[in-house]
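One structure is given here, and the rest of the page talks about it.
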Amino acid sequence: MADHSWDKTVEEAVNVLESRQILRSLRPICMSRQNEEEIVKSRANGGDGYEVFDGLCQWDRTSVEVSVSIPTFQKWLHDEPSNGEEIFSGDALAECRKGRFKKLLLFSGNDYLGLSSHPTISNAAANAVKEYGMGPKGSALICGYTTYHRLLESSLAQLKKKEDCLVCPTGFAANMAAMVAIGSVASLLAASGKPLKNEKVAIFSDALNHASIIDGVRLAERQGNVEVFVYRHCDMYHLNSLLSNCKMKRKVVVTDSLFSMDGDFAPMEELSQLRKKYGFLLVIDDAHGTFVCGENGGGVAEEFNCEADVDLCVGTLSKAAGCHGGFIACSKKWKQLIQSRGRSFIFSTAIPVPMAAAAYAAVVVARKEIWRRKAIWERVKEFKELSGVDISSPIISLVVGNQEKALKASRYLLKSGFHVMAIRPPTVPPNSCRLRVTLSAAHTTEDVKKLITALSSCLDFDNTATHIPSFLFPKL
């Protein structure tokens, strides 16, 4: 392993912040004595006060069954520009009052476990609203951080097997904060205050990483703290070559764990091996893997048995948790650094208390209702067997080529009663337009069969790719 130690580096950076009196602290506000007693009780009984269920219930269907007004439906069919303004028009309201809607089965959301409509989670939010309203309005460092937020952080740290966790306003903000804070190490420890090249942080980023990672890395680069190296998507030979040729001591590798537009996994085992060889800091964005992958819902790192090799695990509460917000599971020192230098965390209002309460309930429910994880992977297996398409996750990317083909297929599915979006540039490279299908534990076997039948009428499974051809990768 390389001589450089990230544990020592982050400790030195935190010490510098403390010596300059700019190390920020989180002080949980206790909303009331009753709230404090409830939280202590919840900790004592492991959250046993939360009601859970043994199988799919009728209310689960609200997370996958939706409706759109006829005016919206018509504009959508013809791909007419819309800002949603038609909902305020008299005609649209009249249509709504008459109950004239187009019912659609949702196959494009990220509510993988169907928890957004779970009554236990809804009740947790509702009870918090009734008692506290939205809670104190301010950034977490000022007054927005409560015992609800702290309890949520503790539960997520336990899930991810990390020392601590920092809850952020969104997953996007979490990635931004993490990347900027990592870069700040260079300026904090630079001999002259402005880092020389060999004092900067070298960040190695997968070519298909999420926009929030890309923007965070770009901001850190703009601040003069990092140099960026982009490696070809999941290409460990290319990454190894870049790492071996880089003379900079402080190295970081950042990657999505489960890629949102392709549905493929990062090569976690190979990344772990390279980490042992080069001693880099490994950061993963587990937005689509948290609660979905792993025996306990711990995510992609748990699935591949390499949790100890992940230094920072970024996640979101707006997908499988069915709520809102983001988080960074990490060591206590990294949390101190990020909460002191991560601007998107520092200068954003904390998530409302009802959302923190709901998210904690979601952690409990996801842990206990194991059948939900089993159900979504059963749907993955069924889709694979019925379509013959080689897929490995609940995110199914059916690459059809140009924009016209993708839109035509999406319109056909819309007419057939399915909400499946055509993904186009700039979200994906030109000529790699696709239908992005996502599965949920709230879907049934019959839902999947009906979707496969509709898909078979608008595309040829035998000639449909599930990943981007290498020649379409963004140029380095």
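Just so you know, glycine gets a Cβ as well, placed from its N, Cα and C.
Residues GLY171, PHE172, ASP285, ASP286, ALA287, HIS288, THR316, LEU317, SER318, LYS319 are recorded by Swiss-Prot as pyridoxal 5'-phosphate binders, and the candidate that the same record lists for that site, out of SER154, SER192, SER260, SER340, is SER260.
Cβ neighbours within 10 Å of HIS288 (pyridoxal 5'-phosphate binding site), excluding its own Cβ and spanning all shown chains: 28.
Counting other Cβ atoms within 10 Å of each Cβ, the lowest count among the binding-site residues ARG24, HIS210, LYS319 belongs to ARG24. The two recorded residues, ARG24 (substrate binding site) and GLY171 (pyridoxal 5'-phosphate binding site), show a Cα separation of 21 Å. Rounded to a whole number, the C-alpha distance linking LEU317 (pyridoxal 5'-phosphate binding site) with HIS210 (substrate binding site) is 16 angstrom. For the pair formed by HIS210 (substrate binding site) and SER260 (pyridoxal 5'-phosphate binding site), distance between Cα atoms is given as 8 Å, rounded to the nearest Å. The CA atom of HIS288 (pyridoxal 5'-phosphate binding site) is located 17 Å away from the CA atom of THR427 (substrate binding site). Excluding GLY171, PHE172, SER260, ASP285, ASP286, ALA287, HIS288, THR316, LEU317, SER318, LYS319 themselves, the residues of that chain whose CB lies within 8 A of the CB mean position for the pyridoxal 5'-phosphate site are, in sequence, ASN110, HIS210, THR290, VAL314, GLY315, GLY326.
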